[in-house]
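Written below as structure tokens is the structure these notes are about.
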């Protein structure tokens with residue numbers, strides 16, 4: 001039975017311990033800021049206060065007290081009124097308040113400041129706190145302030161310099177600081193003005209360079225457009241060598257007869273003109289494949305000259321037709337230059353540009369004639385190969401040259417230079433139809 005009774009009384013022990021701890025915590029929490037709990041009396045007791053010139057060492061209050069709690073004297077330049085206050089620093093009359101020291105401070109009392117230093121004054125409507133005792137420089141004082149009358153002479157008299165050194169008054173220090181700030185502001189203004197002027201100069205130089213490098217108007221729109229273009233075409237034709245039309249004779253005696261001829265025939269002006277006419281016919285018709293340039297033996301050159309002499313009568317009729325059509329194209333070309341002067345290619349109708357783009361494509365000729373395409377036209381405008389490689393057709397080229405500032409007459413001039421008179425004729429006809437201008441009367445083509 002006793003064993004059973006011990007088991008029934010054991011659960012009450014934790015409850016008793018918890019209740020005692022809660023009651024002790026309640027006693028500690030009832031103590032004030034400067035009180036500690038006395039376990040002997042079970043009451044809150046006041047912490048021992050410190051005397052003047054002393055401050056508490058360690059902590060005491062709110063029910064707790066350090067074992068080594070006590071009071072220690074204040075260090076130098078600090079004071080305390082006693083009680084539970086810590087030591088505080090004396091007023092810095094000269095450094096902070098800009099005033100004279102009336103009474104120096106000690107361990108029990110604070111320092112007392114007197115009147116303002118020379119060159120400083122106190123505000124009349126000052127706040128009623130510690131900042132109301134601050135003195136301000138006479139440089140910022142309103143006129144007729146009595147403390148600042150004769151501040152310059154008084155400041156220099158009250159602050160004499162020591163032997164071998166010079167001492168500036170507070171008034172002179174303030175004046176020096178303000179003058180330094182003024183010089184800094186002036187330097188900043190000059191620097192900003194210089195940067196602004198340089199930026200404007202750079203912009204003007206860039207604009208002048210752009211205007212200077214802008215392409216000028218084409219020569220086709222001058223007083224004699226047809227003649228200038230014709231001269232340009234003739235110059236391009238002269239730079240190219242005439243293709244050698246080589247004829248291989250089967251008769252052996254005829255070949256030996258030609259090789260035995262001592263006199264070498266010379267080309268006449270009619271032969272040279274016929275060769276140029278053949279080149280122009282390839283550009284207009286775009287259906288003949290030019291023969292590759294070859295450098296053979298003297299016998300082959302003689303054969304070529306003989307062949308040209310035999311075909312002189314046959315090519316004369318064809319050259320007359322080519323010249324007639326060439327003159328017609330140049331007349332229409334000159335008329336179009338005057339109509340669309342200053343317009344860009346993208347201002348033309350879409351169908352007109354698309355038709356010209358198809359004519360300049362590499363798949364335009366069914367017989368695979370070797371003619372200049374829109375890529376050659378792009379090279380004549382000075383575009384780089386990587387830029388041309390990013391294009392797919394002539395429409396993109398027209399957009400590119402329009403963005404670069406080229407006009408329709410310049411486009412026609414480039415087409416003439418690359419020997420695409422067929423494209424020039426088609427584009428001029430579409431432009432005249434779009435502009436509502438009657439084309440010049442054309443002569444009938446001569447039979448070729």
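Note that Cβ sites are derived from N, Cα and C of the backbone, with glycine treated the same way.
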For which of 38, 317 does Swiss-Prot record the feature N-linked glycosylation site?
38
In Swiss-Prot, one of 146-166, 167-187, 188-208 is tagged transmembrane segment. Which stretch would that be?
188-208
What is the separation, in Å, between the Cα atoms of residue 113 (disulfide bond) and residue 148 (disulfide bond)?
19
In the chain carrying residue 71 (disulfide bond), residues 6 or more apart in sequence that have Cβ under 8 angstroms from it:
48, 50, 51, 54, 55, 56, 57
Neighbour count first, Cβ atoms within 10 Å, every protein chain included; then name which of 50, 60 tops the list of disulfide-bonded residues.
50
Suppose we draw a 10 Å sphere around the Cβ of residue 47 (disulfide bond). How many other Cβ atoms does it contain, all chains included?
19
